[in-house]
Amino acid sequence: MDQTDHSADSPSSSSPSLPFSSAVPRNALLFDPAAPEVQQQQNTAEEEDDQFYELTAEDLRKMLKALQDESKRQNSLLPTKLIKERDQQLKHKAYKHSIVRFRLNNGQILQTQFLSTEPVSALFTFLRQIISPTIRFELRQIPTTNGKLKADDSTISLLDAGIAPKSVLILKIVATDNSPESPGQMNADQIFMADCFRTCTQTEAKAEAQKWLSSNTEFRPYLDTILHMLPSTDSSTVTAAAMPSSVMPPSSAPHDNGGGGTNSQSRNNSQRTTRPSSAELPKWLKRK
């Protein structure tokens, strides 16, 4: 990969470049999930930490349910484009901060923090500042259909690219000019320049990530928000307010104090005080 900073001299496009926030402290933390001290402390909480950043079976179930819900609501009057636009607006309000973890070839992880509105090119700009200039690298987003991220993509935000609010990206070293080690065997000390990160445990990295993400709020899809605001259509309310007596369940009909010998006309008369008047019913429900 060409190590020229494409974000600075990329060709003009119809979409304006997103602002790059150099004022945000990246708080680069390096940890090794396979380190002995981490293995001794590993417990259920640590396993939940892995699920926090990576796609799990529960995430897949939620995605499947979302697809099923969308299929059921395809007859909605709201166009799909509008719903997606509103969802993105709500995500921008909810996800202010993002944690991006870069997984090295040898399994080590570099954790950093960004604003969710920063462009994808900000990731490459940051990495070029701390990676030796003799090293060429790629960034890959997994799982995704996009695969390799583009270094000059300054018009797509981390949020729109599906990286925010938390992701693990593959930092693949593809070539090096003067290192005797093969790219797949290089460790963080050989890849990054000195004093550009702090070494810590996975537990410490998790605590720092939670602190940075604490300013985010819960995201609720736009369609769910609309359904939540709609008036209730509880079946008991519908039955009591508008269901004809001919289809009302026996339990909802008043008791007949005169025994079982009353005729249909007398039963209808006894129910007039509990059923709504014909003026309150829809035209198609009025009985003639």
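Note: Cβ is positioned from N, Cα and C throughout, glycine not excepted.
The coiled coil feature in TrEMBL is assigned to 50-77.
Annotation source TrEMBL lists compositional bias 'Low complexity' at 9-22 (among others).
Residues or ranges marked as compositional bias 'Low complexity' by TrEMBL: 240-254 (among others).
Taken from TrEMBL, the feature compositional bias 'Polar residues' covers 263-277.
Taken from TrEMBL, the feature domain 'UBX' applies to 93-171. Counting residues of the domain 'UBX' (93-171) by DSSP class, helix then strand then coil, yields 12 helix, 31 strand, 36 coil.
Taken from TrEMBL, the feature region 'Disordered' applies to 1-50 (among others).
Sequence annotations record features per position, and here TrEMBL assigns region 'Disordered' to 239-288 (among others).
Mean model confidence for the domain 'UBX' (93-171) is a pLDDT of 92.
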